[in-house]
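Listed features, source TrEMBL:
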type	residues	note
TRANSMEM	A:12-30	transmembrane segment
TRANSMEM	A:42-62	transmembrane segment
TRANSMEM	A:82-103	transmembrane segment
TRANSMEM	A:115-135	transmembrane segment
TRANSMEM	A:142-160	transmembrane segment
TRANSMEM	A:190-207	transmembrane segment
TRANSMEM	A:219-239	transmembrane segment
TRANSMEM	A:268-286	transmembrane segment
TRANSMEM	A:306-322	transmembrane segment
TRANSMEM	A:334-352	transmembrane segment
Amino acid sequence: MSTHKQRPLNGYHVIFLTQSAMIGTGILTLPQKLSSLGYSQAFVPLLFGLIACLTMWPMIWLNSKYKNDNLFRINEKLLGTWIGKSINIIIVLSFIIFLAGIISDYMNLIQTTALTEQTITIPVLFFLLLLLYIVSGGIKSIARFCIITFFLTIPILYFLRWSIEKGDISHVLPLFNFNGTEFLNALKEGYLSILGYELIMFYYPYIENQKKAFKHALIGVWISIILCLITTLVSVMYYSEWQLKNIEFSVLHLFKAGELTFIERIDIFGITLWVFLILSTVAGYLWTAKKGLDSIRSKETKSHDYIITILIFLLIILPISQELLERLFKLSNYVVYVLIIWPMFLSIIHLLRKKQVQP
Amino acid sequence: MKFKKFMRSPKSEDHKKASQNVKNVINTEVEQTIESIQKHTDHISDVIFKKIPTEEGIVTLIYVNSLVDKMTMQVMIFIPLANHLHQIHQVSEVVSISDNAAIVSKLMGGQTLLYFHEANLLESIDTYSASTRSITNTETESTVIGPQDAFTESLETNISLVKRRIKNTNLKNEDLTIGSETNTKISILYIEGIVNEENLETLKGRIDKVNYPSFTDISILKQLIEDNPLSPFPQYYMSVRPDSIVHYLLNGRIVIFMDNSQAAIVCPTSFLEMFISIEDYYNRWTTASLLRMLRFFGFFLTIMITPMYISALTFHPEILPYELLLNLQESRSRVPFPPLIEVLFIELIIEVLREAGSRMPAKVGQTIGIVGGIVIGTAAVEAGLISNILIVLVATSALLSFLPPIFLMSNTSRFVRYIFILSAGAFGLFGQMLAFAWLITHLLRLNSLGTPFMTPVIPRKAGDLMDSIIRFPTAFLKGKTGISRSPKK
């Protein structure tokens, strides 16, 4: 239990780091994003899970060849310093935009549901300060936060009880009533919800038992997939197809089905508790972005944390036109999509340049 | 002079004459030494210099009157001096005349110095017998079941209370003196073979580095050697109960006692242990588990109840069902303040009552309790200053804050509650959740002597969870807990 180890992450840390990074705001809009599939979306998360497994395998394989390096270093080693660094800059920038996207999405949601009479500037500031506090403890502190987040937020599932009671299980059938384009469309929109497992490429060097890392990460991925599955399944049971397509944040409305004599709007409680999930997701990304900045500037300082946080704050607060922001967020999403396929490409280069590169 | 010469016997006269020169030299040296001791103890009126003629010539006794009991002086010094001088030499210890620092420190430690003029010899006998109070039962950590004795302010008594419970040579106590001005004696207790050596080294290193002049209680030392002195949470356990100290010693923890302070500190400790009372082990496991759950969830309730009231009424009235909201609004229809001010107002009144109650003489205190409780409470509601539902909530949370068996933890919950109240006042439920996330992160990042504060939970140790919020039947609880990092499992 020594606190200063070279590789501080044990199996549980890996499981929950993977799991928590995947569950964020995405899951709230998942049923809507998948609505092109109609009622058949119920079991689509399982397919997503399969894709996640397939894409994670090259990541782990590549990392296992470079046990002490994260993706930023691997980029530099395999592609040369200059190309590697410029790719790293793209990754860091897109992560910053991605983070700003997640946070501003969530904060806007908070504003519409819980803080209707305030602007979000000051809440965002406090949120970011708290985020800095979590991240400044290092990856292990983040992992611990992820574990406790999981156990604090899992009781929310209980509030689905009423939706299940009122829902109709026959909505689930038929199982695969969609065509290829519809599926691709849903994949493009909905896969965003389960992003997050790619962070393992960056904290892999810190994992204690690297041989079992794949297994642990898979457990984490499948916990998240099952949570997504429960969400889509219950949504399909509870809503009509039109509602699935048109209701914003339909998952929140599932909570509203609840009937308690002392609390009327469980969704407000749920969405504010969601801050834990958001914090655990963005903490991982912020830590990664900081590591990226470290490797780009070839030195480690705490100030990188502050620089990134200030950038995020400015992105959220500055009066940039909403369209431009939307386009930026979309772009950053695509960069993260590419990041998932990136290790395959790198693996090929690794095989080609095996003899020249010293791992 | 003539008269004196006449009185002397011829035998002694011869002897005197022979050694006259040597005597003079010794006499001046004796005078010098006594003078230098007098100079070092200048203006201390209870340092006594007493010349007593004995068989071996004149002896000067030097002692501090207030540290020595008269009876002890009689038995240890005066009777042997008059009758059996060899006894004194048997029990005493020789002090170097030139070592002024040692002389003064012995004197201040309650020892009596005997200066044999003729032999020019300085000896010391331990006569420290300052009056102490007797062992009484504890008032701050009382229990229904279990031993009732508590530590006193005397280090020897406290260590004897521990040693009579653990009759084992592996129980070690190492004495140290800290504080450049008070020269306070502390004692580090541990059981060899069970304690983690690394922990012991860390602790000793920290105590060595302490550079603080004066210690009036062990809690000062505690704050100086804690891992995070800025945190509102106490990171070491503190108790005045010998049985709970012994429990932790046997678990592989390190205990520090300080002279003149009643409590002992135990390190390392975990967050969950702050909610464990030693009585839980004497109760049946079902009762103990129930009480522990009450204390643990009580801590989170006490910091959450009143903030909840603020956020529900200020930001999210829609969270409450119609009837309940009506009820609430009705009760505060005449209240002129916003909920935040209302809550702060009544919370501060409770703090004032609590603080005034603890300072006041016991007999007056009762009256004030009645005045505070009934008059202020009822009158404030009737005057329309606060709503009566809030009174219920505040009273509940005030009661809940007394649940932790450690008073320092109860103080912490008082402080943390204000953070929650203010954040609820600023951002409603969202602010409360942010504060909660801060609390969790802070707890996760705290260490106690280098061991994570949240130990049995994160990092998890399944075996320890048997003795956490739920206390399993005693047969399950044989092992040492993970936080001790004991070499013996």
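Backbone N, Cα and C atoms are what each Cβ position is placed from, and that goes for glycine too.
Automatic, uncurated: that is what TrEMBL annotation is.
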(Q) Can you work out whether the transmembrane segment (A:82-103) touches the transmembrane segment (A:219-239), with the criterion being 3+ CB pairs under 8 Å where the paired residues are 6 or more apart along the chain? (A) no
Q.
Please report, as numbers and ranges, the same-chain residues at least 6 past the borders of the transmembrane segment (A:334-352) whose CB is under 8 Å from any CB of it.
A. 55, 58-59, 61-62, 65, 71, 74-75, 78-79, 90-91, 94-95, 98, 191, 195, 198, 201
Q. Residues sitting near the transmembrane segment (A:115-135): Cβ under 8 Å, six or more positions beyond its termini, same chain?
A. 103-104, 107-108, 141-142, 145, 275, 279, 282-283, 286-287, 290, 305-306, 309, 312-313, 316-317
Q | For the transmembrane segment (A:42-62), sequence-distant contacts whose Cβ falls under 8 Å of one of its Cβ atoms, 6 or more beyond its ends | A | 30, 34, 74, 171-172, 175, 183, 186-187, 190-191, 194, 197-198, 200-201, 204, 213-214, 217-218, 221-222, 225, 228-229, 231-233, 236, 340-341, 343-344, 346-347, 350
**Q.** Interface-richest range of A:142-160, A:219-239, A:306-322 toward the transmembrane segment (A:12-30), CB pairs under 8 Å
**A.** A:219-239
**Q.** Sequence-remote partners of the transmembrane segment (A:306-322) [C-beta within less than 8 Å, at least six residues beyond its ends]
**A.** 96-97, 99-100, 103-104, 107, 120-121, 124-125, 128, 131-132, 286, 289-290, 293
Q) In terms of Cβ proximity under 8 Å, which residues at least six beyond the ends of the transmembrane segment (A:219-239) contact it? A) 14-19, 22-23, 27, 30-31, 34, 39, 41-46, 48-49, 52-53, 56, 150, 157, 160, 163-164, 166-169, 171-172, 193-194, 196-197, 247, 250-251, 254, 257
Q. Cβ under 8 Å to the transmembrane segment (A:268-286), counting only same-chain residues 6 or more beyond its ends: which ones?
A. 17, 20-25, 28, 95, 98-99, 102-103, 106, 109-110, 113-114, 127, 130-131, 134-135, 142, 145-146, 149, 152-153, 156, 159, 196, 199, 203, 252, 255, 305, 308-309
(Q) Should anything in the same chain at least six residues away from the transmembrane segment (A:142-160) have a Cβ under 8 Å from its Cβ atoms, list it; otherwise answer none. (A) 9, 12-14, 16-17, 19-21, 134-135, 223, 230, 234, 254-255, 258, 266, 270, 273-274, 276-277, 279-280, 283-284, 287
